[in-house]
Amino acid sequence: MSRRVGNNLDEMETDISRVASSRRHSENLPYVHKVGVPPKPNLLKEITDTVKETFFHDDPLRHFKDQSKTKKLVLGIQAVFPILDWGRSYNLSKFKGDLIGGLTIASLCIPQDIGYARLANLDPQYGLYSSFVPPLVYAFMGSSRDIAIGPVAVVSLLLGSMLQQELDPVKQKLEYQRLAFTATFFAGITQFVLGFFRLGFLIDFLSHASIVGFMAGAAITISLQQLKGLLGIKIFTKETDIVSVMRSVFAAAHHGWNWQTIVIGVSFLAFLLVAKFIGRKNKRYFWVPAIAPLISVILSTLFVFIFHAEKDGVQIVRHIDRGINPPSVKEIYFSGEYLAKGFKIGVIAGLIALTEAAAIGRTFAALKDYQIDGNKEMVALGTMNIVGSMTSCYVATGSFSRSAVNYMAGCQTAVSNIIMSCIVLLTLELITPLFKYTPNAILASIIISAVIGLIDINAMTLLYKIDKFDFVACMGAFLGVVFHSVEIGLLIAVAISFAKILLQVTRPRIAVLGKVPRTTVYRNIQQYPEATKVPGILIVRVDSAIYFSNSNYMRDRTLRWLTDEEEQIKETNQQKIQYLIVEMSPVTDIDTSGIHALEDLFKSLQKRNVELVLANPGQMVLDKLHASGFPDMIGEDKIFLTVADAVMTCAPKMEP
């Protein structure tokens with residue numbers, strides 16, 4: 001009896017010593033965190049969260065929470081008309097800045113509008129109409145403080161080139177104007193719908209690189225088109241590509257050029273370029289390039305009037321209709337064969353106008369450190385073009401050159417657009433007869449000097465240095481516009497942008513990781529050459545979500561890495577690969593095809609006697625993996641929080 005008790009005491013002491021020893025041993029080892037099993041996802045909540053992040057990521061209704069019905073009504077009206085919000089704090093100091101800004105951009109926009117209307121193959125007054133009504137509407141509904149609204153060169157050229165493919169602007173003048181108003185109406189509808197349904201993210205599919213190339217190509221094309229007015233050529237091609245334009249220019253060299261027109265155009269073009277250079281070199285003289293076009297128009301008009309240069313072949317404006325915008329609701333095609341054509345042209349022009357306005361608004365909002373709501377901007381731009389189409393306007397948007405002048409002039413709010421609109425109104429009512437003797441050459445000079453800034457050589461150089469594919473996209477859009485047409489250039493820009501997205505989605509980067517010396521950090525061995533591979537373990541990282549479009553590539557590329565690694569091991573007699581660790585922290589999402597690819601990868605590895613291990617899968621990925629039963633297939637103990645934990649656990653288990 002006593003011997004049995006003594007033996008039991010000895011066994012208890014031995015067990016206690018073993019526990020103490022194991023505790024001391026475990027205290028010396030780093031703790032391996034287990035990846036928690038997420039709760040079963042709620043389908044309705046998952047769908048709701050996805051929709052919210054897609055369309056309402058900025059939580060636009062947060063201001064309405066816990067407010068009375070009256071307050072909600074007021075906030076709703078202010079959301080539609082922001083002027084009712086910031087207008088309450090408007091003061092004389094802000095008005096001074098807006099007055100200077102409005103007067104400055106008015107002096108710039110009046111001559112530009114006349115020229116841009118010609119670019120769209122419309123009478124000069126339609127350019128002025130488009131700088132009267134749309135800016136007023138935008139001032140009440142827009143949220144940008146700096147953007148200046150009106151016709152712009154690129155949209156005018158795009159609209160003109162697409163419209164004249166359907167109708168002759170001279171022989172079918174009335175129908176052409178009606179189709180222009182129809183296109184403007186549908187451009188506004190497109191912009192409004194995108195903003196109202198919060199689909200603004202769609203315009204982000206047009207990459208920055210393709211926009212740079214498209215704008216540069218459009219600037220070259222616009223400048224070439226102005227050779228007709230600059231050289232005084234009467235018979236000129238309707239094509240926009242560089243080959244057709246230069247052939248037309250040289251064909252008229254012997255008898256179609258007018259030397260008086262060339263003298264006027266070239267001399268004032270030089271004056272405008274010098275004025276731009278002065279404004280660029282010294283920001284205090286921003287008003288010099290802003291007022292230079294109006295000075296050029298006044299001086300050249302006086303010159304033609306005094307010397308009657310029109311009798312020597314100098315082409316002049318001759319007539320601009322006097323008075324404010326006539327209604328044009330009845331002129332819009334709501335039925336018939338031109339409805340579809342107007343819709344197609346309007347959608348394209350609306351999207352390009354929207355892209356330009358969004359880029360301008362974001363640029364100046366960042367400079368002044370304030371926020372603009374992109375969707376509200378789209379609603380405002382859409383509304384102003386819908387109203388504009390009913391008041392004899394064509395597509396208007398934000399102008400970068402005028403917005404830059406507006407910003408440098410010290411504008412404070414959208415009131416600068418109202419002031420500019422009032423000046424244009426006075427011009428329409430009182431001053432338009434004075435433009436009768438304005439030479440076309442000066443309008444061509446103004447347009448060339450305005451669009452030359454769209455050619456951003458520095459941006460192209462930077463694209464080449466940073467991303468060669470972006471540079472190819474840029475050049476594709478540029479060459480498409482210059483050598484074929486604006487529409488083809490735009491199509492190439494969109495196609496290359498989508499091609500880049502597809503390439504990045506279908507061919508994600510998969511990197512082999514190694515351990516950075518004296519750390520527990522594992523990084524790409526190409527980026528960190530000093531990082532060392534762990535013997536017997538291959539660690540790869542998938543740098544993308546795993547979808548049906550790239551799941552097979554992910555599986556095949558991972559197996560190819562494994563094959564390459566095994567071939568190197570045979571040559572160097574190193575330890576055989578026994579574990580494949582997939583670092584999944586960059587994998588933001590996975591679908592059923594992705595899970596099937598992981599299952600296939602697991603089966604392929606089993607045949608090679610290699611175990612599959614996952615490290616740091618995100619919550620959404622882990623939800624779907626557990627829903628599919630994948631952790632049961634590979635084992636719950638094969639999912640780790642970090643690569644370091646996975647290596648620390650797997651390394652001791654490897655066979656020599």
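Glycine is no exception: its Cβ is also placed from the backbone N, Cα and C atoms.
Sequence annotations record features per position, and here TrEMBL assigns domain 'STAS' to 527-650. Taken from TrEMBL, the feature transmembrane segment covers 137-159, 179-199, 205-224, 259-278, 285-307, 345-367, 379-401, 407-428, 440-464, 476-499.
Here the transmembrane segment (379-401) has long-range neighbours at 80, 108-109, 112, 117, 120, 122, 126, 129-135, 137-138, 141-144, 147-152, 155-156, 159, 180-185, 187-196, 325-329, 332, 346, 349-350, 353-354, 356-357, 360-361, 450, 453-454, meaning same-chain residues at least 6 beyond its ends whose C-beta is under 8 angstroms from one of its own. Per-residue pLDDT, averaged over the domain 'STAS' (527-650), rounds to 91. Within the chain, the transmembrane segment (285-307) has long-range Cβ neighbours (under 8 A, six or more residues past its boundaries) at 104-105, 107-108, 110-112, 264, 268, 271-272, 275-276, 278-279, 314, 316, 405, 408-409, 434-435, 437-439, 441-442, 445-446, 449-450. In this chain, the transmembrane segment (345-367) does not touch the transmembrane segment (440-464); fewer than three CB pairs sit within less than 8 A of each other, excluding pairs fewer than 6 residues apart. Ranked by Cβ pairs under 8 Å to the transmembrane segment (205-224), the stretches 137-159, 179-199, 345-367, 407-428 are led by 137-159. Only residues 6 or more beyond the boundaries of the transmembrane segment (345-367), in the same chain, are considered here, and those with a CB under 8 A from a CB of the stretch are 144-147, 152, 154-155, 158-159, 162-163, 166, 179, 182-191, 194, 200, 203, 206, 211, 374, 377-378, 381-382, 385, 395-400, 403, 407, 487, 490. Under 8 Å from some Cβ of the transmembrane segment (179-199) lie the Cβ atoms of residues 55-56, 120, 122, 126, 159, 162-163, 166-167, 328, 331-333, 338-339, 341-343, 345-347, 349-351, 353-354, 374-390, 392-395, all in the same chain and six or more residues away from its ends.
Secondary structure by DSSP for the domain 'STAS' (527-650): 64 helix, 21 strand, 39 coil.
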